[in-house]
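Engineer: This structure is in C-alpha cells; I'll ask about it shortly.
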Amino acid sequence: MMPVDDLQEIPLSKDTTEKSKHTVRAAGAVLWRDASEHGGTTGHPATVEVAVIHRPRYDDWSLPKGKLDQGETEPVAAAREIHEETGHTAVLGRRLGRVTYPIPQGTKRVWYWAAKSTGGDFSPNDEVDKLVWLPVDAAMDQLQYPDDRKVLRRFVKRPVDTKTVLVVRHGTAGRRSRYKGDDRKRPLDKRGRAQAEALVAQLMAFGATTLYAADRVRCHQTIEPLAQELDQLIHNEPLLTEEAYAADHKAARKRLLEIAGRPGNPVICTQGKVIPGLIEWWCERAKVRPETTGNRKGSTWVLSLSDGELVGADYLSPPDEK
C-alpha cells in the first residue's frame, strides 16, 4: 500500500454529527485564469486570478460549488456547477481535497478541484449575482469561509497549470473463468457498457484528448464511447497488457512515459494487474503520495504533471459507485 498524502487525506473540516442521517454529495472548484499577459510567468501562482462568487441568498463570497445531480460523479458536477454559476467552461486538474460539515439532513461532503477556465462570460443570475477575478492573496481576503481559504491554500501549494494523464481500468466484463473463447476478445458486460458511457463525461471534464488502450477488446470498448464523442482513433497498446507487463514491466513504464510526454491529455485504458504497479512506481519515483488508492473496474487515476514531472495522483471510483 502506498503512503497517504496527509495534505489531501484529512478533511478540511470534520463532521461533528454523531451519526449522519444522510450524506449530501457536492463538488466545487478553484476556477482560475492566466493573467500573465499583464507580465509574469504563465501558470505561476503569483500571476493567476481566481474566481470568487457572491450569492445573494446567503450574502456571502465563496468558491463555485453545488450538489450533484442524479447519476453525476463529483468531477462532472464540478464542471457543470462552474458553468452554471460563472458562465465559464473549464478543464479540471488536481483534486484539492474535501470539505465535510453537518447540515440538517445529515452531512454535506464537497470535493474540490483546480479548474482552468477555457472561456466564457459571467451573467448575473438568481444564485450568483456577482463574480470577481482576483489575485490569490486578494481572493484569500475576499472569501468568507475558512474552509474555502484552506482549499485555496492547497491550490497554490503545488503547481497550478498542469497536464493530465488519465489511466482507466476497463469496465466490468464478466468472469474470466466463465468465458469460453479467447480471453483477449472477452467483451464488456451490461454493467461495463454502462460504465463506458458514464466515463465519457467524467474523462471529458479533465480535458481528455487522445486515446490509448491495451490490446484487449474490453479495454478498447471501455473508451469507445469517448472515442466517438471526440471523433478520435484508439491507439492499440500491446505493451500495456497484463501479460506484457509481467514479462517486461520496464517496457510498459517506458511506454507510459512516452504517451504522457505527448501533447494533450491522454486516456490510457488497461488491466487490473498493470495499473497498481505502474502507479506505485511513478509515485515513488516522483515522491508523490496519493490521497487514496484503489483498482476497481471502471475506475480512473488522474495523474497531474508539471514540466513533465508527476505532482499529483488522484483515484476516482467507478462512475456507478459512490
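The backbone N, Cα and C atoms fix where each Cβ goes, glycine too.
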Engineer: Glu81, Glu85 bind Mg(2+) 2 in Swiss-Prot, but which of Glu49, Glu127, Glu197 does that record place at the same site?
Structural biologist: Glu127
Engineer: Looking at 1-21, 169-189, which one does Swiss-Prot call region 'Disordered'?
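Structural biologist: Within the set 1-21, 169-189, Swiss-Prot attaches region 'Disordered' to 1-21.
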Engineer: Let me know which member of Lys65, Lys150, Lys157 Swiss-Prot also records as binding Mg(2+) 1 at the site of Glu85, Glu127.
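Structural biologist: For Mg(2+) 1, Swiss-Prot names Glu85, Glu127; of Lys65, Lys150, Lys157, the listed one is Lys65.
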Engineer: With the ranges 66-87, 286-307 to choose from, which does Swiss-Prot describe as motif 'Nudix box'?
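Structural biologist: Going through 66-87, 286-307 one by one, Swiss-Prot flags 66-87 as motif 'Nudix box'.
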Engineer: What else in the chain is close to the motif 'Nudix box' (66-87), if you only count residues 6 or more beyond its ends and a Cβ gap under 8 Å?
Structural biologist: 24-29, 31, 51, 53, 111-113, 115, 120-123, 127-128, 131, 198, 201-202, 205-206, 316, 319
Engineer: Cα-Cα separation of Arg55 (substrate binding site) and Glu85 (Mg(2+) 1 binding site), in Å?
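Structural biologist: On Cα coordinates alone, these residues lie 10 Å apart.
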Engineer: For a three-state summary based on DSSP, what are the helix, strand and coil counts in the domain 'Nudix hydrolase' (22-156)?
Structural biologist: 37 helix, 63 strand, 35 coil
Engineer: What are the other residues, in sequence order, whose C-beta lies within 8 angstroms of the center of the C-beta atoms of Lys65, Glu85, Glu127 at the Mg(2+) 1 site?
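Structural biologist: So the additional residues around the site are Gly28, Ile53, Arg55, Pro64, Gly66, Glu81, Glu84, Thr86, Val128.
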Engineer: Restricting the comparison to the binding-site residues Arg57, Asp60, Gly66, Tyr101, which residue's C-alpha is spatially nearest the C-alpha of Glu85 (Mg(2+) 1 binding site)?
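Structural biologist: Nearest candidate: Gly66.
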Engineer: Which chain neighbours of the Mg(2+) 2 site, leaving out Glu81, Glu85, Glu127, have a Cβ atom within 8 Å of the mean position of the site's Cβ atoms?
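Structural biologist: In sequence order, the nearby non-listed residues are Ile53, Pro64, Lys65, Gly66, Ile82, Glu84, Thr86, Val128.
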